[in-house]
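Undergrad: Here it is: the structure, laid out below.
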C-alpha cells in the first residue's frame, strides 16, 4: 500500500542533488517539477510517467522503482488522464493531501494554457504547413519515448525474476497485440490474478 511520507527524505550518498528538507521546500520542488515535466513533455500520459520516474526516482529518490511501477499501473487502470492520475499518486506519496493538490496543479496548468492559446489560433495552426511538419516530427520522438517507457517498465518486471509475473506480462502483451483484447479487460484480469495470488499467499503464510 502506498502511504504518504510526511517529512521524510530518502538519502543516497552518491546523489549530487540536495534534497529539500522542509515541507514547504518539498511542496515547492514537487510543484515546479510537475510543472516542468508537463510543460515540456509531449505524447500523453505514458511519456510523462517516464519523466516522473527520472525525476522522482532517479534524481530526487522520493520513490523507488517498485513504487513507481505500481503507480504507473494504478494510473493506467484508473479512470481519467494517466498524467493526472500519476500526479495524484506521486503527490500523495510525497506530501499527502497537500502534495497531491500541488502535483495536480503543476500537471494541469501547462496543457490548459497551451490548449487555450491553440484553440484561439486554431484556424491559423490547422492550415500552417510548418506546424504540421513539427507535429510529424514530434510523433516520431513520442514513439521513441513510449518505447523507452515499455523497456523501462518491462525491465522492472524482469528484475523480479518471477516466472509468474514475467509470464503474466507476456500473456498480456500477446492478448493486446495479437488478439486485440480490450486493455480494460487485460488490466482487470491482471488485477484479479494479483488479488487471488495475494490471498493464496496470505493463507499459506497463516498456516505455516
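Cβ coordinates are placed from backbone N, Cα and C, and glycine is handled just like the others.
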Undergrad: With TrEMBL as the source, identify the stretch among 4-24, 130-150 annotated transmembrane segment.
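TA: Checked against TrEMBL: transmembrane segment maps to 130-150.
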Undergrad: Six or more residues beyond either end and a Cβ under 8 Å away: which residues meet both conditions relative to the transmembrane segment (29-52)?
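TA: Sequence-remote neighbours of the transmembrane segment (29-52) are 20, 60, 68, 71-72, 75-76, 81-83, 85-87, 90-91, 94-95, 99, 102-103, 105-111, 114, 138, 141-142, 145-146, 148-149, 152.
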Undergrad: In the same chain, who gets a Cβ under 8 Å from the transmembrane segment (184-200) while lying at least 6 residues past its ends?
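TA: Same-chain residues near the transmembrane segment (184-200) but 6 or more away: 73, 76-77, 164, 168, 172, 175-176.
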